[in-house]
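Input: a single structure, listed below in structure tokens.
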């Protein structure tokens with residue numbers, strides 16, 4: 001946004017203050033409304049501080065529309081009632097297509113629209129269509145272009161004064177743009193919270209160990225109705241204008257769509273997802289179009305709103321009870337509903353993740369009947385205090401998997417039972433384990449478990465694993481679904497006739513796959529270890545294991561302490577490796593794989609023990625960037641001195657060498673009381689000064 005106005009000197013404080021307010025409001029509009037920031041943060045802060053100082057030195061220069069007034073006033077003892085000059089009416093709702101057709105017919109009949117012999121309207125009604133936001137309705141009052149008051153809907157006649165809180169919403173202008181502004185303007189609109197801002201707010205709530213909000217609407221409503229505006233100022237609220245109450249000093253726009261265009265010219269935020277359509281079919285087309293993009297919108301909506309576009313026709317139609325005859329809210333199917341939780345089972349994912357699943361009494365929600373819903377993980381079940389027998393809130397949004405949001409505690413029966421995570425996989429019977437610091441429990445039968453079969457086979461065939469060319473996902477799907485392959489070992493039992501019968505698999509493709517399988521029988525120990533798909537064991541760790549132990553049996557039988565001696569193997573990785581080989585089902589598949597005629601690799605002696613040095617038996621972790629040494633240089637020097645260089649910090653770590661931009665490893669070392677050294681300290685350590 002261009003800033004062509006000349007910068008006034010500091011010797012003219014009144015002119016300077018007005019100029020600063022203008023610059024800051026332009027920046028706010030570009031940032032919060034247009035989403036096109038054109039002033040660097042540092043420059044904005046400098047101008048803001050200068051304006052604060054000017055107003056402090058000259059209190060008579062403070063104006064209600066000053067950006068400095070957004071920070072909020074003193075804590076209020078309560079909200080003052082506000083009587084609306086024009087009532088804030090609610091809308092009648094429609095749900096089915098027939099409701100919309102009936103609404104259009106009522107409007108057309110009342111306006112005397114002409115129809116043909118079949119009863120169809122030949123002069124269709126013109127409608128303005130908008131989104132129905134899932135937020136909190138408010139009224140903004142501007143006098144001569146300056147924001148003076150904000151109030152909630154309340155009962156439609158009397159609301160609550162939330163002026164100081166609304167001042168903190170950056171997308172709401174404190175002064176309207178343009179030379180011609182009305183004497184009085186009541187803007188009607190919605191305060192809401194965008195999905196990304198809601199997620200960030202809940203992250204902050206969790207970090208501060210404060211209550212999280214259930215959904216963006218609750219967060220917006222709770223934030224707006226804070227007694228302390230300073231709290232509201234910390235909440236990322238937004239606003240969209242969509243209606244009008246009172247207008248004095250200027251003529252009312254002829255159409256609703258013209259009103260919204262005028263609002264944009266005044267600098268008010270207006271949503272762009274709107275259209276002018278004709279007749280019932282136009283309304284239904286808009287509804288379906290919005291429904292298709294609903295989940296991708298950055299904010300929650302619960303429907304769309306239809307309004308007769310022409311103001312004179314609105315006046316002719318008037319009102320019934322507390323709702324306008326000229327408008328209708330077309331609601332989406334409810335996304336949340338109540339039902340009974342009858343049981344909690346678990347399902348096993350492709351990677352072995354064990355997910356608790358709620359078994360529900362059937363409930364219609366989000367346009368479909370739901371009988372199962374995810375509970376995510378054991379910790380979530382505990383955090384939400386969900387028990388078998390509870391009445392629960394189920395949410396289903398679009399194609400998202402239904403989830404249980406929470407329990408209705410005042411309906412909890414006396415015999416409600418807590419969930420207990422099973423100790424064995426319900427699919428294969430292998431042990432279920434949960435590693436420290438992980439939220440997900442997992443089945444340990446990676447090579448054996450049918451639920452993990454496709455993922456295990458796909459990983460086994462990868463280029464960096466056994467490199468079985470021609471064994472893609474579609475072929476794996478067929479092999480598993482036809483029950484031809486249960487474990488990776490079964491791949492080497494496949495014959496030409498079996499493969500040639502697969503769908504869209506020609507004889508040449510079958511022969512090529514057999515050739516690839518034959519080639520894959522001759523591999524390396526590192527590739528074989530990587531192909532097993534052990535959690536947390538990547539290509540590099542597989543190479544380190546092969547180099548350290550020399551052969552497979554010592555790895556399979558290693559203790560956790562022995563695994564921790566391997567380069568870059570920390571406690572979590574060691575525990576994962578140990579669990580994998582402790583599962584008898586996995587050992588059985590490995591024996592099948594290395595049976596005569598199957599997979600082979602050259603084996604050798606374990607790597608020689610590192611020479612005894614000044615750091616023999618010590619474990620060191622490197623983090624951050626050292627001034628003069630690369631990570632590899634430092635690692636080589638430490639290993640030459642007999643130290644083990646680990647990739648993660650644990651209680652068994654002896655030293656942490658920290659450079660610039662050290663992250664979580666440094667924080668964990670400090671929390672555990674582990675000595676932290678810089679590059680100079682590293683050199684002293686290598687010289688034998690272990691302090």
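Cβ coordinates come from backbone N, Cα and C, glycine included.
Quick caveat, the model's predicted, so the values are computed rather than measured.
According to Swiss-Prot, the feature active site, N6-AMP-lysine intermediate maps to 132, an assignment based on sequence analysis. Annotated NAD(+) binding site per Swiss-Prot: 41, 42, 43, 44, 45, 90, 91, 130, 153, 190, 307, 331, in sequence order. The Zn(2+) binding site annotation in Swiss-Prot covers 425, 428, 443, 449 and is backed by sequence analysis. For 610-691, the entry in Swiss-Prot reads domain 'BRCT'.
Everything Swiss-Prot records as a feature, shown here on the structure.
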{"residue": "45", "record": "NAD(+) binding site", "DSSP class": "helix"}
{"residue": "91", "record": "NAD(+) binding site", "DSSP class": "coil"}
{"residue": "132", "record": "active site, N6-AMP-lysine intermediate", "DSSP class": "strand"}
{"residue": "153", "record": "NAD(+) binding site", "DSSP class": "coil"}
{"residue": "307", "record": "NAD(+) binding site", "DSSP class": "strand"}
{"residue": "425", "record": "Zn(2+) binding site", "DSSP class": "coil"}
{"residue": "443", "record": "Zn(2+) binding site", "DSSP class": "strand"}
{"residue": "449", "record": "Zn(2+) binding site", "DSSP class": "coil"}
(request) Check the Cα-Cα distances from residue 307 (NAD(+) binding site) to the recorded positions 132, 425, 449 and tell me which is shortest. (result) 132
(request) May I ask which of the recorded positions 45, 91, 132, 153 is closest to residue 425 (Zn(2+) binding site) if we compare their C-alpha atoms? (result) 132
(request) Other than 425, 428, 443, 449, which residues of the same chain sit close to Zn(2+)? List them in sequence order, counting a residue when its Cβ is within 8 Å of the Cβ centroid of the site. (result) 348, 352, 426, 427, 429, 430, 432, 444, 445, 448, 450, 451, 452, 585
(message) Looking at the recorded positions listed here (45, 91, 132, 153), whose Cα lies nearest to that of residue 443 (Zn(2+) binding site)?
(response) 132
(message) Between the Cα atoms of residue 449 (Zn(2+) binding site) and the residue listed as 'active site, N6-AMP-lysine intermediate', what distance do you get, rounded to the nearest Å?
(response) 47
(request) For residue 91 (NAD(+) binding site), list the number of other Cβ atoms lying within 10 Å of its Cβ atom. (result) 18
(message) Whole-number answer please: how many Å between the C-alpha atoms of residue 91 (NAD(+) binding site) and residue 132 (active site, N6-AMP-lysine intermediate)?
(response) 11
(message) Whole-number answer please: how many Å between the C-alpha atoms of the residue listed as 'active site, N6-AMP-lysine intermediate' and residue 153 (NAD(+) binding site)?
(response) 16
(message) Considering every residue in the domain 'BRCT' (610-691), what is the mean pLDDT value?
(response) 85
